[in-house]
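Student: According to Swiss-Prot:
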- 1-158: domain 'Obg' (DOMAIN)
- 159-328: domain 'OBG-type G' (DOMAIN)
- 165-172, 190-194, 211-214, 280-283, 309-311: GTP binding site (BINDING)
- 172, 192: Mg(2+) binding site (BINDING)
- 347-425: domain 'OCT' (DOMAIN)
């Protein structure tokens, strides 16, 4: 079964908690804190695999979880990191965030990977919080939660050439003639119910050809499942319109207009792609009678054309030469991606420091600062030592000054991470609300 759309849930592993421990050894009378850090949670990674050709597996399993990090241990032992979860999808899969609609990745090559959910960092053990004035810290950080999200997967076949035509135009026969594909072929319409891919090997180039199931009028509205298939030609370099010269109901002239209309109504950009017209079944007597009339029409269209018989192999090499020409032109025009430059730009972007801000939503003030929010969520702020550590951090980070500038009153509440505080102007500090 060919399935090209799926919705899945992914959850990265939570980070392990930091450990609260102290050295208790026979010859170490004043053993200090020795709590190890928690391990990092595993990431969820999606990887393109050329051996897959459908998203069918995701209709049976929709929820995916990476391994959580182990908790830290005594003697400064770090917890083991959680294993990454690698989910394999066909080459040509697009990944969208369901909530935002954002395109996260377009996996167009074998082995290409993207992290779709990052594992949480492990919490620091109490050994990190020892100072000259706090020699026995009885607190540690909790591990961060791993990211979670719903994803929408959409497979768009990666083909250089797309074969288009009305039902029974002979596309499957043509594909089997020019490539290694073995599609189902029968003398009745709608034999092809899913897209078929074939590989064409020429002397100095190899390219892929997709046989798109027969389109009918209204395909852009998903009549005859047309909308399901039209999107598979969006990546192609050239479109080949396979028209049946022997069709009396939809002769080539009418069939061509139907196909163009459906492409335009689905996406006008599709008509900007190079086109080739292949007039098929010229081996039939009724088709041969119409060749002069069809050729006169083709000359006025100004589109490269070939009269062929996919069944008998007539003029197939001429058609392949045209396909090859457009595929080569497309591949030569693809710009070279400056990967190193992109990586450097990404590094510079990551260096930008987030500026804390505080906003009011209804009666509640909310601090927007990932670092401070993250620290609050990692600590048990009902632990006096942990709360004192957090307050000192908030002062160093400039959060208290920010609250002063916002002119927040003593009775107003401030949300930082998962905790709610009240500002004490007398002490210029924060008080945790129980």
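Cβ coordinates come from backbone N, Cα and C, glycine included.
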Student: Can you count helix, strand and coil residues in the domain 'OCT' (347-425) using DSSP?
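Tutor: Looking at the domain 'OCT' (347-425) with DSSP, the answer is 35 helix, 20 strand, 24 coil.
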Student: Compile a sequence-ordered list of residues in the same chain as residue 309 (GTP binding site), six or more apart from it, whose Cβ lies below 8 A from its Cβ; state 'none' when nothing qualifies.
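Tutor: The answer is 280, 281, 282, 283, 315.
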Student: Once the chains shown are all counted, how many other Cβ atoms turn up within 10 Å of the Cβ of residue 168 (GTP binding site)?
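Tutor: A 10 Å sphere around the Cβ of residue 168 (GTP binding site) contains 19 other Cβ atoms.
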Student: State which of the following binding-site residues has the fewest other Cβ atoms within 10 Å around its Cβ: 171, 281.
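Tutor: Least crowded of the binding-site residues 171, 281, by Cβ count within 10 Å, is 281.
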